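Asks: Here it is: the structure, laid out below.
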Amino acid sequence: MLIAFQDRLRLPWRGGAKRISPAAVAPAFIVPLMLGLATLNSKTAVVLMLTLVGFTGWGMQVAKRTATRTNFFLSWVVFSVVYMIIIFEFQVPLLELSPEENYALMFFSCAALYCLYSTKALSSLNLVSAQYGTTPKDELPGIAEASSGEEQAEAQITLQMDSVLDVDEMVDDSSERVDLMHGQPNICESCRKVTPRRAYHCPICGTCVKRRDHHSYWLNCCIGERNYVWYICGLILSEIALLLGANLTLTSICHPFMVVRPLGYPVLLPDDCSEVFESFELGISFVVACYALLISGYIAFILARQAYLWWKGSTLHEYKRSTHAAGRGNRIWSLWRAIIK
Ligand SMILES: [Zn+2]
Ligand SMILES: [Zn+2]
């Protein structure tokens, strides 16, 4: 369906009609419709939130299976942020919030958006340029024409490795080369050239990426050498902004209670939220706060995964590949991979 939606729509524009993808526009309608319907009652809200998780998870699996480059998920992020800010600023009863609380939330939101924007803007610097290598000899026309016996042997070994991967992994990794022999060049079969160490091919970007971690569908770019730090900072700041926004919203519309009072500043948590579905204003604020908590849970999971990989000194790409190569826990790994990919 996503692929079918990828086809053309045109918008009248100065200097000629501008082509737009329906997949990039769809979230502008799906997100507010879903949030609006969820305000009806608590059961509808739970069903819609679960549907949302299932729908985005399924959409991402389809995009991964078909190695589709789509703006659908990036658009989803952009419109979710826009609607959350609008609801927070115009619906949540601001009288109960101090200006400092609002400024703090805006600061973290803007900082997070800047980091995520930089992640995307810098992603092109991760791509292995066509000129990589110091001599024309480095730009090999193909594996079959690899000049040395060692290169052909490496290509043969990696081809054998590919043959044991499952279909899903084939889409992701079929064309990358592993630095099996220390000091030997990596050769990418798809790009048909020598690539730097720890550079891996991304089938969605269609090129090799330096120190590739993974392809982020939510940002529609690869996370690698030059944008990894921005990506992690963006996630941490997003997590803070989402949790702060959800807390400020819920303690405004529900009956709050004080947890601690460090330095004379009360830290509140929501207590009784039973009356939030009695009006649309309270309902939409509550639903958006729950939506923010849902996203923050997902980001917390990604951050925990990245912390584990940092501790292991590996990228997500290398970790998945090494687990495959070791043949450990195939069934459990398949299930785990289906969740985290
Ligand atoms: Zn490549
Ligand atoms: Zn990519």
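In case you wondered, yes, glycine gets a Cβ from its N, Cα and C as well.
Automated prediction, rather than curation, is the source of TrEMBL annotations.
Straight out of TrEMBL:
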- 20-38: transmembrane segment (TRANSMEM)
- 44-60: transmembrane segment (TRANSMEM)
- 72-90: transmembrane segment (TRANSMEM)
- 102-119: transmembrane segment (TRANSMEM)
- 183-320: domain 'Palmitoyltransferase DHHC' (DOMAIN)
- 228-250: transmembrane segment (TRANSMEM)
- 284-304: transmembrane segment (TRANSMEM)
Asks: Under an 8 Å Cβ to Cβ limit, what residues of the same chain, 6 or more beyond the ends of the transmembrane segment (72-90), are close to it?
Replies: 2, 5, 23-28, 30-32, 35, 56, 59-60, 63, 105, 109, 113, 116, 120, 217-220, 245, 248-249, 284-285, 288, 291-292, 295
Asks: Are the transmembrane segment (44-60) and the transmembrane segment (20-38) close enough to be called in contact, which here means at least 3 C-beta pairs under 8 A that are separated by 6 or more residues?
Replies: yes
Asks: Sequence gap of 6 or more, Cβ distance under 8 Å, 3 or more pairs: do the transmembrane segment (284-304) and the transmembrane segment (102-119) meet that?
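Replies: Contact criterion not met.
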Asks: Looking only at the domain 'Palmitoyltransferase DHHC' (183-320), what is the mean pLDDT?
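Replies: For the domain 'Palmitoyltransferase DHHC' (183-320), the model's average pLDDT rounds to 88.
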Asks: Would you list the DSSP helix, strand and coil counts for the residues of the domain 'Palmitoyltransferase DHHC' (183-320)?
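Replies: Residue counts in helix, strand and coil order: 70 helix, 30 strand, 38 coil.
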